[in-house]
Amino acid sequence: MNEFLSYYKINLNLSEDELDNFSNIIKTPLPCSFRIIKNNDIISKKLEEYPFVKKINFIENGYFVELSKKELREKKEFRKLLVSLVDCGMAYRQEMVSMLPVLFLDVQPDDAVLDMCAAPGSKTMQILEKIDKGILISNDINFNRLQVLKSFTNNIYKPHIITAHNAYQFPNTKLFDKILCDVPCTGDGTMRKNEDIMKKWNISGGIGMQKLQTKILKRGIELCKENGLIVYSTCSLNPVENEYVIQEVLKEGKIRIEQVSPKFKHSEGLVQWEVSKNFKSDGNEELKKCVRVYPHHLNSGGFFFCVLRRIYNNVEKEINNKNSLDAKKEKDLQKYDIEITEGINVNDIILKPIKPEIKNLIEEQYEIKIDEILVATEEKNLYLLYKKMLEYINSKLKIYSIGNKSIILNKFDVISYRIKNYNLIQNPIEISKEDFEILVEKEEIELKYLKVRPNKGMGVLCYNGIDLTIWSNDKKIKTFINKEHRKCYSLLFCFENNDIKTSLE
């Protein structure tokens, strides 16, 4: 602790009062924070019932809890709700400052975005909320972290590819509009939630990370379109991992630092620091445009980010020259014609286009039109390939996952498919709250107990923005709601019967 404080007393440029505040708050536990991502009007209304839950006013759908860990443990009803929301993919826990990079990445619905070091996935989730007709490629190299990343995004149906590459060796693709470089770091800004950080901290840690961080950022710059945005971020306070990296990359003349105006307390980037003669400051005043958040600013962890604009005007030529590719070869790499290939290799599983008659069956069954390409594993699990995804798939890309199962074959009906991606349904049937409660509490229910009369076969019902896939005949309705979602809906809507039944009595 003493070495840590001595180093940052020299380098953080804090007043005596600020240093005292900094020193005191890092010894205290980190408050709980989270974001909601589904049916947020319903969830927001429910959260308003708990006075200790506060909105983060500068983060959309962001919340924090003004309680100590001990106090939070005593709020059993709230904890039960939060755990249930997280289990269902309707909310996820995320450190407050970790929400900042995506906020300043300014993702637009049609953007092509690369998250270079994406796991565990909280920032990827933020990006996916903004994407519509664009694409997000989330990359990581660690297999265990890729599994966590995949589980994080299981309930999101957007144009999304997960890849497995070293970030600094990410292969050539079509260039991206926005790139997030949330790079590996020493993480000493997370000292409030990770006590081991303080025990193991030493000056050389940041020096050891700097080379990798610089390589990742340089590759991100190469993959970004002219005038595109790159956000570089770490959860470290060390200038060697932050301003020094930006300083060195600025010298290549391919980026400039964007001036941002955060609506929260923060400090400007450092211009001077004292580390070693190998990592000297050049005194570049542009570094003041970087953003530093210290724990005492927001009662949070420590964080650094910098928004960069790609300014080099011959990016495509540069990327081709770097990899010794002529224009024709690069064009061939980027082309991926799904109609004439053997399929797409996704983590050693081949996804192939489905037969036209299967697509026609699904469209007729749900009275929908599917413009995107459907690929599948033996016609059982169907995935949507959005048009923009095809622009970024090539033979160099190691694909771990490509979206989520949008449509699956029913186990009890060999000619019927069940939709999981509710974005495909334009006009689901609206139902009453009474019908919704009954359908959530029971897996099967006789029609005589319900007001709704859906068509026979597969269909989608909706209550207050919550969609339910069902199958019905002349006598009953069968619902496809897993145990976690049944429990969550009962907590959200305060059903009297929280002991969810799973079969018809």
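Residue 1 is the first one shown; counting continues down the chain.
Any Cβ shown, glycine's included, is placed from N, Cα and C.
Predicted, not measured: the structure shown is a model, and the values here were computed from it.
S-adenosyl-L-methionine is bound by Cys117, Ala118, Ala119, Pro120, Gly121, Ser122, Lys123, Asp182 in TrEMBL, and the record lists one more residue there from Asp20, Asp41, Asp87, Asp140, which is Asp140.
A straight line from the CA of Cys117 (S-adenosyl-L-methionine binding site) to the CA of Cys235 (active site, nucleophile) spans 13 Å. Here the C-alpha separation of Cys235 (active site, nucleophile) and Asp182 (S-adenosyl-L-methionine binding site) works out to 9 Å.
Spanning the listed S-adenosyl-L-methionine site, residues Cys117, Ala118, Ala119, Pro120, Gly121, Ser122, Lys123, Asp140, Asp182 have a farthest Cα to Cα distance of 13 Å. Around the Cβ of Cys235 (active site, nucleophile), the number of neighbouring Cβ atoms within 10 Å comes to 25.
If you take the C-beta of Asp182 (S-adenosyl-L-methionine binding site) and look for same-chain residues 6 or more apart in sequence within under 8 angstroms, you find Pro101, Asp115, Met116, Cys117, Lys123, Val231, Ser233, Thr234. When pLDDT is averaged over the domain 'SAM-dependent MTase RsmB/NOP-type' (22-311), the result is 94.
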